[in-house]
Amino acid sequence: MITRLFENDKQLEGFFSSLDKKKKYLLALSGGSDSLFLMYLLKSRAIFFTAVHVDYGWRETSYQEASDLAALCEQEQIPFILDRPEATDPMDSRDIENAARRYRYELFYRLCKEKCFSGVFLGHHADDQAETILKRVFEGAHLGNLKGMSAQVMYRDVALLRPLLHIPKHKIVEALDSHQVQYVQDITNCNERFLRARMRERLFPYLQDVFGKNIRDPLLSLAGDSAELREYLDQQTAPFLLRVVDNERGKLLPIEQELLKTPFLAKWVCKQFFLNEGLVASKSFLQTVYDHLMTGSTARLRLRNRTVLVKARGVIIESIY
């Protein structure tokens, strides 16, 4: 058994020092290198947790792998939950990757509520983070939304905990190999039918070969800059959102001419105003709103199921009657 892992890692120390060790948690245990590493890490930090494994039955070996994980957890005196959803062939659905993720998260949420777990540990690492950031770049995400996954974030009212986001995959594998720990090699992670697998198997190696340098660390640096930008934007936005009022037509966001001199901030203020009402505005929609504000022209726009009225010096989300 691995007794201590990354004892001098300051980021891990900071993460676990902020954790309430009197509470109990879930660990999403796939059996791969990442989740097994995290399992031993949690044991070494005296975290009380239950491992949960979802066997989709996609591989011929998955039944035996689930049994092996159950035996390992029994050996390590770790409570273990096995879930087997109705078998689905991963080649039968175009959205199976996201569907499987949604199923897992709903399962984690239900278990946390039923058994009073305080959060779920997930084994995402630095390479996963880099993939997420590059994917968001290609999707055209806002500069303030390139921060990637957070070490702690709420899924509804359940905490998702990712302490490994700064640790590269190769260090995780090296640590397990040095202790002769066996882990599952999930072939579906290499199935290029899935976007993540294509990025991992083809895109990242290609970019690193052409660029001639590691691209993971610059992407992680970009995520750090994005997180700082997001924090700054939120600070700058707060005073404007405090001016939102209810009037006879709905929610009114007053817009002063001075704000319009900074289009980046003006559009972010509008974006957050819409988000606070549960509305996600695209870049093109925000640009349209900004253009009308700049010209002082009046416009009635549709955003999902709501009407947005733009006029000189203000934006109104009309009430639903």
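Numbers run from 1 along the shown chain.
Any Cβ shown, glycine's included, is placed from N, Cα and C.
Taken from Swiss-Prot, the feature ATP binding site applies to Ser30, Gly31, Gly32, Ser33, Asp34, Ser35.
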For the binding-site residues listed here, Gly31, Gly32, which shows the highest count of neighbouring CB atoms within 10 A?
Gly31
Find, among the binding-site residues listed as Ser30, Ser33, the one whose Cβ has the highest number of other Cβ atoms within 10 Å in the structure shown.
Ser33
Return the residues near Ser35 (ATP binding site), defined as same-chain residues 6+ apart in sequence whose C-beta is under 8 angstroms from its C-beta, sorted by sequence, else 'none'.
Leu27, Ala28, Leu29, Gly123
